[in-house]
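**Student:** This is the structure I have questions about; it appears just below.
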Amino acid sequence: LAAALGAIAAARCPAPCVCDNLRAHVLCLNGSLTAMPDTIPELTKKLDLRGNSFMVIPAGAFLATPYLTHLDLQRCKVERLEEGAFRGLGRLVYLNLASNGIALLYQESLDGLSSLQQLILKGNRIEEIQPGAFGHLGSLTVLDLRANALVYLPDMVFQGLQVLRWLRLSHNALHVLGSEAFAALPALRRLSLDHNELQVLPGEALARLHRATWLDLGHNPITYVAEEALAMASLRHLFLDHASLQDVAPNAFARSPQLCMLDLRENQLQGLPPLVGAGGLVRVSLDGNPLLCSCLLRPFHKWLARARVQAEGACAAPPALRGRSLDSLKPPEMRCNHLQPPPSSPTPPEQPSAAGSRQCPRRCVCSPDFHHGSCKNRDLREIPRDFPEDTRLLDLRRNPFRTVPPDAFPGLKDLVSLHLQRCSIRALHPGALRGLESLVYLYLTDNHLSTLAAAALEGAPQLAYLDLDHNAFTRVPAGAFRLLPNLISLHLQHNAIRELAEGDLVGARGLRWLYLAGNAIRHIAPAALAPTKMLEKLQLEGNRLLEVPTAALWGLPALSKLKLSQNPIKHMGDSVFLPVASSLQHLYLDNMGLEWISPHAFTGLGPKIRSLYLEGNKMNNIPNMSNFTGLEILNLQDVPFHCDCQLLPLHRWINKLNLRIGATCGSPAEAQGLKVKLSTTFQTCLGWARGEAGETNPNKTKAASKPSKKKRSGKSPARGFSKSRA
């Protein structure tokens with residue numbers, strides 16, 4: 001009876017899908033579905049739709065499957081969730097929408113998910129969350145919003161998440177948090193805010209998290225932790241690693257009495273004071289800081305011994321103590337002979353109040369607690385002046401300034417982040433940034449800039465992140481970066497740049513990330529990238545390159561990520577990635593219309609490659625990649641393989657990978673639409689049984705259809721994983 005019922009259910013399984021009736025699972029992976037299948041068995045509990053092309057999830061899309069408990073929609077090119085998209089899924093406990101293109105969560109987008117426990121929205125383009133978006137998710141315990149485009153969290157944005165225990169907000173662009181942003185999270189235990197753009201510790205917002213025990217604020221440009229900055233009664237683990245910390249107040253953690261582990265690795269701390277009130281502290285990690293082990297460090301050193309706190313870190317100076325661990329030091333060794341005596345008279349009382357004498361400009365809002373100023377969208381024609389001198393973040397977006405004059409920001413020597421997006425700016429005059437000696441972030445996206453002189457950037461030597469996306473550049477502004485020795489990230493995406501010429505990047509010797517996607521680049525000069533010897537990430541997708549710019553890749557020993565997607569490269573010759581073979585980890589060659597890849601194209605690449613994207617191409621061969629033993633992602637979707645005996649080596653190799661790669665058969669007819677892994681057409685090939693019995697070297701397989709030694713014609717591959725023409 002069970003077998004009969006299973007057969008009946010199987011008959012209703014949609015053609016591109018695989019149904020496991022005993023476990024009530026349906027898999028429709030890496031297909032070309034553009035709408036939800038309408039014949040999925042009603043009693044299905046787990047539905048896996050990864051790798052399809054839905055674009056929009058319409059209202060009531062799953063009303064026919066009310067018993068779903070798990071739904072996976074990763075990599076489905078979803079851009080919009082209509083209100084009521086998941087209505088009727090009252091039993092769903094797990095929803096994965098990672099790696100899509102969702103930009104906005106509407107108020108009713110997640111309506112109907114009253115039992116949902118885990119919601120994964122990682123890797124979308126979410127810039128805004130409307131109030132009430134999570135209001136119906138009363139059972140949610142994990143919310144993953146990593147790797148989106150969030151800049152601001154308004155008050156009560158997470159209202160309704162009464163039992164949420166872990167909120168993941170890493171790898172966004174957050175720099176402002178409303179004071180009540182976390183007020184509606186009474187059960188939260190763990191908060192991940194690492195890899196954002198927070199310039200100050202958001203103490204007021206965090207104080208609402210009375211039960212949180214774990215807080216990660218690493219990789220944020222926080223420079224200072226102020227007095228009693230963190231009031232979290234239950235906090236035990238705090239991560240402030242890889243920030244920009246230069247100082248920590250003695251009583252910074254006095255209102256977090258349960259704190260036992262403090263991670264301050266890779267900052268700019270020369271020392272710490274005794275941490276008053278942190279009576280529960282067990283371990284402090286200071287590795288990677290330029291610790292000055294002079295007499296100034298003695299009070300902290302004595303406090304470590306008295307409080308029995310374990311400290312990890314080593315001296316950077318003086319030279320006699322360089323490399324010595326903190327726990328090996330003796331107080332007499334920590335001398336101050338080389339230091340100047342302290343001033344004999346105190347600082348005049350009028351000096352500290354000078355910064356406070358400046359008021360906020362009219363029509364602007366200034367937050368003294370966060371050192372932020374904002375005049376966003378005020379229809380201002382000129383850049384306001386007289387912001388408080390301790391301002392660290394200045395938001396001037398959406399004002400029609402048109403130009404930035406010389407000395408536009410007087411007295412703002414502490415400014416770290418400057419936002420000038422969508423200001424109709426056509427020119428930055430020489431000296432425009434003069435005096436911004438602490439500036440790290442400069443955002444000039446969505447303006448009308450076509451040129452940029454080095455003199456315009458003079459006076460901002462600490463500038464590390466420069467965003468010039470969506471402007472009018474027709475070439476990279478040559479020499480503009482020679483006064484920016486600390487430039488790490490340069491965005492020039494979606495301009496009209498036609499080539500990358502020698503000398504364009506002179507002075508950008510510390511550049512690590514270069515974004516040039518969405519331009520019209522046809523040519524890259526062999527020496528164009530020579531100044532950027534520390535480059536780690538190069539994004540060239542969506543340009544007009546006709547070949548891999550191999551000559552330009554020499555001299556880039558740290559390059560780990562290369563994106564060439566959506567360039568009209570039809571042929572790929574020998575050793576095209578050899579210059580970066582020792583460092584490359586992530587290679588994007590998707591959606592290029594590739595027709596032929598040389599069997600030797602990947603010469604030099606091997607175990608270091610972690611991800612390779614080849615989907616959406618038309619090539620007649622796949623080079624031998626049997627030495628790519630470190631692969632975590634391989635995408636061969638939308639490559640219509642001809643599943644005959646000539647493809648047997650590829651079939652065997654991908655079966656050993658234990659990865660979902662999306663390779664499907666385009667022909668012959670009996671295999672069309674089947675996964676290369678699952679196709680039975682290979683069972684008729686000579687050597688099939690021997691291979692299945694344990695042959696491990698795919699190059700030794702001899703398929704029945706292998707051509708004789710007569711002369712080959714055209715560019716058919718001599719070696720590697722190949723597919724014959726359909």
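Cβ atoms here come from the backbone N, Cα and C positions, even for glycine.
Caution: TrEMBL annotation is automatic and unverified by curators.
Copied straight from TrEMBL:
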DOMAIN    12-46  domain 'LRRNT'
DOMAIN    289-337  domain 'LRRCT'
REGION    326-358  region 'Disordered'
COMPBIAS  326-336  compositional bias 'Basic and acidic residues'
COMPBIAS  340-351  compositional bias 'Pro residues'
DOMAIN    359-393  domain 'LRRNT'
DOMAIN    640-686  domain 'LRRCT'
REGION    691-726  region 'Disordered'
**Student:** What does DSSP give as the helix, strand and coil breakdown of the domain 'LRRNT' (12-46)?
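**Tutor:** Each residue of the domain 'LRRNT' (12-46) counted once, the result is 0 helix, 7 strand, 28 coil.
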**Student:** For the domain 'LRRNT' (359-393), what does DSSP give as the number of helix, strand and coil residues?
**Tutor:** 0 helix, 7 strand, 28 coil
**Student:** Go ahead and report the DSSP secondary structure tallies for the domain 'LRRCT' (289-337): helix first, then strand, then coil.
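**Tutor:** Its residues divide into 22 helix, 10 strand, 17 coil.
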**Student:** Sort the residues of the domain 'LRRCT' (640-686) into helix, strand and coil with DSSP and give the three counts.
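**Tutor:** Tallying H, G and I as helix, E and B as strand, the rest coil: 20 helix, 8 strand, 19 coil.
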**Student:** State the mean pLDDT for the domain 'LRRCT' (289-337).
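**Tutor:** Residues in the domain 'LRRCT' (289-337) carry a mean pLDDT of 91 in this prediction.
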